[in-house]
Amino acid sequence: MKFAVIGHPIQHSLSPLMHHANFQSLKMDAEYEALNIPVEHFHHIKDTINSRQLNGFNVTIPHKERIIPYLDVLSDEAKEMGAVNTVVVKDDKWIGYNTDGIGFVKGLESYYGELKKAKILILGAGGASKGIAYQLKQRTSYPIYVANRTMARFDSWSFEINAIPLEDVNTIASQFDIIINTTPLGMGQSHESIMTLKNLKPNALVADIIYTPLITPFLATARQNGYDIYNGLDMFVYQGAESFNIWTQRKADVKAMKTAVLTKLNSK
Ligand code: ATR
């Protein structure tokens, strides 16, 4: 079988290494390559993929929305997200999915356990946030809170959540069992401006969807303040595992995938 990831730039993608680790563990004769597709060449995408006879491919930045007009079928979740990260090629038809949200949530479940009784706050309301909220909503018995700087972002959310302004976060933070940062802010030094990460529930879990670095300043602050932290590495691994499952109907070896990615990240 043949797979790929399309994006631009793509040379630093860890997806080929991660998928190869899985193929090797499952003793599969399969290939996975990284294809660099600049925006100005995107209109050739059908030819590019078809000439390689791929069984499926991942889509990453900056093409997750751009791919949609080329698809024959779109999953409900991908439709809701308005973004696709996984395409199956079946009988010459292209079917689009989004495994980012389920990837984060499956990873979180593997670490945290049952999410049903967790009260969860998500910071940010972009594409990643929406996918995660969509999946979490199906698993928890409490409403999901989503905080964002710009309230108008919620206009395109068709499912129900508790939308709150970002500036209200500090006053309600102590209610939550899990706080997930999906904004790019945790990467810089300005993390204090998202929220203070103080006076949370004593056993609160503070999560970020970023995995480079493995510990963002946002997570480092949470850890200094005594909270358990959780980074975005599992999200990356599980989104890949879910893509693999969609392409092959087989269960991926997530442990082999994670080890391969961690080994690479730690060797840098
Ligand atoms: P992604 O698809 O990775 O989620 P995105 O769609 O660009 O990325 O969303 C980025 C998120 O980070 C948004 O919630 C954005 O808030 P706005 O909707 O108000 O723009 C949030 N974000 C980015 N920079 C921010 C900042 N300086 N302060 C607060 N939120 C910020």
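A Cβ is built for glycine as well, from the same backbone N, Cα and C atoms used for every other residue.
Under the heading domain 'Shikimate dehydrogenase substrate binding N-terminal', TrEMBL lists 5-87.
In sequence order, M81, A83, N85, G127, A128, G131, I132, M235, Q239 are the residues of the chain that are 6 or more apart from D100 (shikimate binding site) and have a CB within less than 8 Å of its CB. Residues or ranges marked as shikimate binding site by TrEMBL: S13, L14, S15, T60, N85, D100, Y211, Q239.
Taken from TrEMBL, the feature active site, proton acceptor covers K64. Of all the Cβ atoms in the protein chains shown, 21 others lie within 10 Å of the Cβ of K64 (active site, proton acceptor).
Residues or ranges marked as NADP(+) binding site in TrEMBL: D76, G124, A125, G126, G127, A128, N148, R149, T150, M151, A152, R153, I209, G232. N148 (NADP(+) binding site) falls within a strand when secondary structure is assigned with DSSP.
Averaged over the domain 'SDH C-terminal' (232-262), the predicted model reaches a pLDDT of 98. Residues annotated as domain 'SDH C-terminal' in TrEMBL: 232-262.
The secondary structure of Y211 (shikimate binding site), as reduced to three states from DSSP, is coil rather than helix or strand. DSSP assigns Q239 (shikimate binding site) to a helical segment in the three-state reduction. Separating the Cα atoms of S15 (shikimate binding site) and D76 (NADP(+) binding site) is a whole-number distance of 25 Å. Take the Cα of A152 (NADP(+) binding site) and measure to each of the recorded positions S13, L14, T60, K64: the nearest one is K64.
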